[in-house]
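Feature annotation from Swiss-Prot assigns N-linked glycosylation site to N79, N115, N130, N135, N151, N161, N237, N248, N262, N309, N349, N420 (among others); the stated evidence is sequence analysis. Per Swiss-Prot, the feature signal peptide maps to 1-22; the stated evidence is sequence analysis. Per Swiss-Prot, the feature topological domain 'Extracellular' maps to 23-460; the stated evidence is sequence analysis. Sequence annotations record features per position, and here Swiss-Prot assigns topological domain 'Cytoplasmic' to 482-513. The transmembrane segment annotation in Swiss-Prot covers 461-481.
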Amino acid sequence: MNGLLLILLVYITVWRPRPCQCIQERDIQRDVEDLPSVSYQVQYGIRSQRDLMANVPIDQVPMIGVNIFDAFLKNGRNNDSRALLSFMELMQHGVQSFTVDLEPRNSQWMLKKSNISFTRFLNVFQTYVNGSDNNLSANMLVLLLKISPGNESNSTGTGKNGSNLTRILDQSFGRQRIYTPDDLDYDREYGRTFSTFGANSVGWPILGSFLYDKKRRVILMEVTNHLVYQNTPYIFNGSSILHLDEGNATLGIPTTVDQIQNLSSISWKFLEASFTTTDIKQYVDIGYNPVITNEYSVGDFGDIYQLLNLTILWSWKPDQPKTIQSSDSAREHQLIAYNCAALHYTSANFSASWDVENCYAIHKGLCKHRFNDYIWVISKGHDNYFGFDSHSESKCPEDYYFSLPKTPLEQLAITQYLRNTSSEDALFWIDMNSVSVNDCWVTGGPDATCPYQRSVSKRNFVAMLTPVTVCSFVILCVVFYLNVLHVPIHNNRKSWRRIITEVSKWEVDGVPS
């Protein structure tokens, strides 16, 4: 019996399936069915985009936005609860910025033309932030506040010039997740801010530091200049830090490297407009953050998905990154591993997007200049993905290195280079792969590890398992021996009892005299 129990114990500790070492995403309750469920492909794509932009200043991080009033509340076609549920669903689908119209009414701040208080809105906002506050799902969120001054009777109790907005934010959301003007001043004073050209005393922190070091999630900007900012220390004066176009874009389409660089020096480029599926992607490609003002009712809210599907992933194709499993028979005849990314250039419309490609396919690679993110060339020769490993002979020209575009403007620089060199449709290797762990897309070559899951090679796994297996076998042999061959003391139990009885007769009770 002891042997059977030990065998069971060894099986449980050694052979049982190992759980994933990554942090599991919290399930966020889905109460609406207007938009399709967020697929794993979209989740992997959003996560890979965020991770590759870890060193990008936050003012250059691309994001899609929605105007809450125009999309849900205008003309009163949606009830308040439905609008809040749609707001939650948009955040779950990757929308990162929202325009919020506020007006003072009944001694409190209310969302324009609705019965939704700003406090109630922030409670829904906080629910999403708390539910996504882990290294798999954390992202930056921006609220663009439009303040209606209101009349004196309506504004009584809301605080002069918005002074009680700070109290509302403290009570409903909390200071710890908000990046404030004081935080920015501190970072600039101590040299922790950057622009696209490097360290900059008037720049912004990089995304990785913002999310993981400072543990911030939210930036609030007021774009109507109705607040006294000494009374609202959590809110940025939007007119001094962002470029907001409404209706029509005022920034031209850059056609040279210098023009792209100049465009990248403009912080927080937003365009509020009614978009179509044909134009919204074009604005993303030239560095704008579209804020959708299209009007939707309960019956047609799902139409917004067409716009999101084209823009949430500025890098990958809408149906990528796919998980492609090759059959055993195919592996026997050729080397196959669909764990590498390639930039697919289409010459017909001078566009580019990323595809999952077989790592052993032969392509050229994209090389970035060491001192300028907007100067790119094609590698000298063709090779499989592993041929572009940093340990291999460099296939990039001097002062260039194998890389990938980290923003839409960098990708625009690539497409213009390919256009000027009359490149045909082609695939080019970029520094993105999931070689370590399937569906965990990382940069840094094939040796890069997945930060969310521990990868164990077969050789290392055998090395780890062998000592445990040998020890378990020895223990089993000992247990088997003890069960089969009895110890002599058990065979002579009666003799031992007689000896003990005789010895006990010589023991003296009490204290000797």
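The backbone N, Cα and C atoms fix where each Cβ goes, and this holds for glycine too.
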Cα separation, N237 (N-linked glycosylation site) to N79 (N-linked glycosylation site) (Å, whole number): 31
Cα proximity to N135 (N-linked glycosylation site), best match among glycosylation sites N248, N262, N349: N262
Number of Cβ atoms other than its own within 10 Å, given for N130 (N-linked glycosylation site): 13
Mapped DSSP class for N237 (N-linked glycosylation site), helix or strand or coil: strand
DSSP-derived structure type at N248 (N-linked glycosylation site), helix or strand or else coil: coil
All-chain count of other Cβ atoms within 10 Å of N237 (N-linked glycosylation site): 15
Residues that sit under 8 angstroms from N248 (N-linked glycosylation site) by C-beta distance, when 6+ apart in the chain: A273
Neighbourhood of N309 (N-linked glycosylation site) by C-beta distance under 8 A, where only residues 6 or more apart in the same chain count: P318
Shortest C-alpha distance to N420 (N-linked glycosylation site) - which of the glycosylation sites N115, N130, N237, N262, N349: N349
Alpha-carbon distance [N349 (N-linked glycosylation site); N130 (N-linked glycosylation site)] in Å: 42
Residue pair N237 (N-linked glycosylation site), N262 (N-linked glycosylation site) - Cα distance, angstrom, rounded: 23
Glycosylation sites: N262, N349 - member with fewest neighbouring CB atoms within 10 Å: N349
